[in-house]
Amino acid sequence: MESTTAPTKLAFSAAARAEIARLLTHYPEDRKKSALLPILHIAQAEFGGWVSPEVQDLVAEVLDIKPIEVYEVSTFYTMFNLKPVGKHVLEICRTGPCMLRGSDELTQHLERITGAKVGGGPSEDGLFTLKEVECLAACGFAPIVQVREKYYEQLDTPENVEAMLNELRNMIHRPLLPWEQTGLKHSQQ
Ligand code: FES
């Protein structure tokens, strides 16, 4: 028998809506599209760390633009994940200075320990996705991995790698982003 329940429409949380409204005040009414990048970041944080076509359609609706205008941007920038990801996305820098300080070995080590593959899906336990990225602008502390807003530095020893993975494994909730903290403060007032 066919279900008569309509699929639930995606919606941003109140905190995200407040942040989007704040961002939109920075642009003229007829230039709302200029807020596309920060709003895609909000969408990615809101909906499990990746932007599905449905999420991108929601962003298009919020900005009153065509979905294709969102897809053009999300498929261009590597910081947007277009497939489901693990709880933690490890962005491993592979540019020259990090490479000279062992980023290839680091990548192989992380693949071995987590069971995830660079460019592939999440690890079996759902905890980790591995991605290679270009220079993270912290070359003096190479090799570097970025996880959300945090940099893990000098990952050229097994001890440092293990300390990073343990910290991530023990993280029950992801840290709140600045706009989420603001939203939380507002909702508690
Ligand atoms: S090369 Fe890795 S941070 Fe610059």
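Glycine is treated like the rest: Cβ placed from N, Cα and C.
Note: TrEMBL annotation is automatic and uncurated.
For CYS93 ([2Fe-2S] cluster binding site), the number of other Cβ atoms no farther than 10 Å from its own Cβ, over all displayed protein chains, is 26. The [2Fe-2S] cluster binding site annotation in TrEMBL covers CYS93, CYS98, CYS135, CYS139.
Summarising the environment of CYS139 ([2Fe-2S] cluster binding site), the number of other Cβ atoms within 10 Å of its Cβ, over all protein chains shown, is 16. Counting only same-chain residues six or more apart in sequence, the Cβ atoms lying under 8 angstroms from the Cβ of CYS98 ([2Fe-2S] cluster binding site) belong to ILE92, CYS135, LEU136, CYS139, ALA142, PRO143, ILE144.
The residues near the [2Fe-2S] cluster site, meaning same-chain residues not in CYS93, CYS98, CYS135, CYS139 whose C-beta sits within 8 angstroms of the mean position of the site's C-beta atoms, are ARG94, THR95, GLY96, PRO97, MET99, SER103, GLU134, LEU136, ALA137, ALA138, ALA142, PRO143, ILE144, in sequence order. For CYS135 ([2Fe-2S] cluster binding site), the Cβ neighbour count at a 10 Å cut-off comes to 14, with all displayed protein chains included. The DSSP secondary structure for CYS93 ([2Fe-2S] cluster binding site) is strand. DSSP gives CYS135 ([2Fe-2S] cluster binding site) a coil state; it is part of no helix or strand.
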